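Peer 1: According to Swiss-Prot, the record shows the following:
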type	residues	note
REPEAT	29-59	repeat 'ANK 1'
REPEAT	63-92	repeat 'ANK 2'
REPEAT	126-155	repeat 'ANK 3'
REPEAT	204-233	repeat 'ANK 4'
REPEAT	236-265	repeat 'ANK 5'
REPEAT	270-299	repeat 'ANK 6'
REPEAT	301-332	repeat 'ANK 7'
REPEAT	395-424	repeat 'ANK 8'
REPEAT	428-457	repeat 'ANK 9'
REPEAT	461-490	repeat 'ANK 10'
REPEAT	494-523	repeat 'ANK 11'
């Protein structure tokens, strides 16, 4: 019996030890037990648990939270104090957000407020709102308790010094570019001011004030100002005023204005005033508020302030007019005028030109002409410039160059009437007609030629206006130049003609115009002709030139003796595309030779219609030629139709001349004209050239 009792007692003791060991080494059970105690707010059980297992108060649960976190959330001050007295980790937490002091601050109504000097941020994005509860007084007491036991305030109020930022263009007075603070309520700020009485901790006050200003927390900032809490922060009042202006909030700025701050004092390292920053931020309401409270717009960096006003994306004219109306004097008229021209603010430009400006550089006139293209403003500028035949220093460009570069001839006429030289050169040797051919339409070219511009002028590379038109593919400009004496075969310094540029540009129409006006296809530079200088693949201009080459040979057989013709034919025979075109041309010419008809004893073929020297003789047979079917003629159809049209015009001119002669001689009874038959009359008149016929008949 005694043995049984003894064994039973031993077994109970062993089980108790096993349970104790299991409890001791089962973390989950230990934390679960602690959590239940914390939820029940049972101080006695917590005291017993701490006495038996003190290590449990610094263990993380599955959510990576400490018991102190849970105690803070349940707002039991006695339990929090007990945990702290037993060396609970007060500055623990994997992230800044999970530090006990941060959790207590959030529950006490604190929200993280940000300021960022390095990057302009809208006020709505400077505040990160976090979860808060209604009853925050007890959490405020917990915050006091945590601070008393050594909680690190840097977790809830911190800034970062960015050395690279100090040399930037932003205006700051402190070296802090980024900061945040959870002290966003009056009770919490009272705690902060009590705990940061030493000057070495004033930076936390400064961070909190700046965060409150940037977050547009009107109530809190008003508390700071009314209780004179901005004084002991080791920062000038102007620095906080700068932060207030940066918020773009008139209400925030008005708090400082009502406190009696000097509105015209400099508030940044660059000696700018509050008005300057308000203009820079394009805030019309804030600008008006500052001006109504006595801000002087005529002190500090007036040029930059007016420049920012003009460059405003929305309120440029309005801001400029407000500043000028309130006394801002324009000292750098030329620079301000350039800014206004860039933004095309005509009212500002007119105002500046109405001022007594002593000197205007010619570059402003060029800029105004090119950017604005405004005739009235250009007239006003011309009144202030004595000599318009002066070039800009940078590019040696003259006002006439700017005028012809735009698609309006009004400004060109205005400058010419004021005495502009139409043949003046820029730094590249280009005259106004060069630029007109490059950028403008035919209107400016007409004005320049009418006023004596040289159509064959070369630039520094030997390029003529006709070559520019060929290169740019401007057919109408090219036709007008050719009609006014442009040399179709003039070369540049590399021995390239206008035809070379047209073929390089693959411009079929430009090539056709040049060839119709006598462009030489056999002219050679050092190695090439206009045809051989470019590859034939996918270039319709080369194919057209080959067709005209054959047409030229038909009308002038001496071309075959030129070296350029030999080079062209070698090129044609060496390429598949041009060789195929050559076969088609020769086949079509054969068909035209076989297509014949007779007029009396005279045999005429369709091939004869291609020969220019025979057109005058063939004019009498135009009715027969018109009946010929041209379906098989594809390559030379254009030439035949053109020549038929010429013969029709010649016939009409002959009929007109005969009518005039008959009418004139009918009044002279002694005239022997009527002794001749009408057929002989026609033969006599047919011997006249087309030019003579036009002169007599007035036919066009």
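Cβ from N, Cα, C; glycine included.
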Peer 1: Please count the residues of the repeat 'ANK 11' (494-523) that DSSP assigns to helix (H, G, I), strand (E, B) and coil.
Peer 2: 16 helix, 0 strand, 14 coil
Peer 1: Take the repeat 'ANK 6' (270-299) and average the pLDDT across it for me.
Peer 2: 92
Peer 1: Any residues 6+ beyond the ends of the repeat 'ANK 8' (395-424) with a Cβ under 8 Å from its own?
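Peer 2: Counting only partners 6 or more residues beyond its ends, the repeat 'ANK 8' (395-424) has Cβ contacts under 8 Å with 362, 365-367, 369-370, 373, 375, 378-379, 382, 388-389, 430-433, 435-436, 438-441, 443-444, 446-448, 451-454, 457.
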Peer 1: Taking DSSP states H, G and I as helix and E and B as strand, how many residues of the repeat 'ANK 4' (204-233) are helix, strand and coil?
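Peer 2: Counting residues per DSSP class in the repeat 'ANK 4' (204-233), I get 20 helix, 0 strand, 10 coil.
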Peer 1: Provide the three-state DSSP residue tally for the repeat 'ANK 2' (63-92): helix first, then strand, then coil.
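Peer 2: Breakdown, helix to coil: 16 helix, 0 strand, 14 coil.
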